[in-house]
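Here is the structure we will look at, set down as structure tokens.
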Amino acid sequence: MQRITITIEDDLLAEIDAAAAARGYQNRSEIIRDLARAGLQQTSEDTAQTGPCVAGLVYVYDHAARDLSKRLVQEFHGHHDLALATLHVHLDDNNCMEMTALRGAADEVRHFADHIIAERGVRYGRVVMIPTGEGKPAKARKHGHRHE
């Protein structure tokens with residue numbers, strides 16, 4: 001076993017300590033090891049998905065973080081073929097939440113989402129991927145009435 005040093009925000013450490021106490025962990029190392037294992041297991045399950053998918057990417061970030069907004073915009077423009085729409089919400093003076101609908105090959109969607117979530121200044125991120133099968137994207141079709 002190796003000893004490492006990590007930096008954790010105060011509020012996140014408080015959550016870890018509360019979870020450790022609630023679950024009966026003897027020390028921080030034990031709960032952090034278990035949380036890391038659970039995260040790695042989830043990542044393994046998520047990356048196993050292949051083929052076309054749709055996804056919801058949700059992340060919270062500090063809009064004042066150095067050049068983060070600019071980097072995010074550049075990433076989205078670089079992957080405009082994946083992003084269908086984005087909703088931007090101001091949570092407080094410092095934090096914004098964005099929810100983006102994505103569509104594309106699962107590996108490309110996963111890579112893009114992972115990159116956004118890993119950006120410095122992104123505080124929380126999650127992607128939910130749903131397989132769509134091998135069909136073509138839906139197109140408008142005639143259905144018996146008109147839309148004005």
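Placement of Cβ uses the backbone N, Cα and C atoms for every residue, glycine included.
A quick note: this is a predicted structure, and the numbers were derived from the prediction, not measured.
Taken from Swiss-Prot, the feature Ni(2+) binding site covers H77, H88, H90, C96. Taking Cβ-Cβ distances under 8 Å and a sequence separation of 6 or more, the neighbours of H90 (Ni(2+) binding site) in its chain are C96.
Over all protein chains present, the Cβ of C96 (Ni(2+) binding site) has 18 other Cβ atoms lying within 10 Å.
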